Amino acid sequence: MAAILNAVAHIAPYHLMAYGTLLGTELYQSFVMTKICYQALPMAQFTTLQKKVFPAYFRIQVALIALTAATFPTKSVVSLARAGWVFWVPLGTNFGMAALNWLVYGPRTQDMMIKRSHQETIDARKYNDGENTSEDMRRIKRDFSRNHAMAIHLNLIAIGATIWYGFALASKIRFVL
């Protein structure tokens, strides 16, 4: 029993690492890698890459949020629930937004990208060829835009919640000199 209590007492560094990894992953993927890939790759390769990267990113994001909650000092999720709404609301918000992207809006966006590619083959023209797009392509583009915009907004809300949580966490850190 003493070993378990001793292990729990040392959970704080793991919590900080989990939180830092979560924030770093969200910021790096959202604002660095996506922009670089969009600028550096042709659209077909960019789309292929995003179809692989974003499902993994959303899964990792959900896992890191769960790990952050599970390592909340001193007694994991029990302490998190008792710590007050300023801690569990941002983590819960973040978890909800990430889960929606992972399970709903990410797959819908990916499905629309695939349909758009198939429709390009049917129409024998690119999706961005201007006014000469088919009615089916306009519908697919509209559905893609809606789902993609929702995924972007949910991701930004999640990042905001992560930052909010960081401020709450930092307010509780006491330095002993």
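Every residue, even glycine, has its Cβ placed from backbone N, Cα and C.
Please treat TrEMBL annotations as automatic predictions, because they have not gone through curation.
Taken straight from TrEMBL:
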type	residues	note
DOMAIN	18-117	domain 'TMEM205-like'
TRANSMEM	56-73	transmembrane segment
TRANSMEM	85-105	transmembrane segment
TRANSMEM	147-167	transmembrane segment
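Across the domain 'TMEM205-like' (18-117), mean pLDDT in this model comes to 94. Counting residue by residue with DSSP, the domain 'TMEM205-like' (18-117) contains 91 helix, 0 strand, 9 coil.
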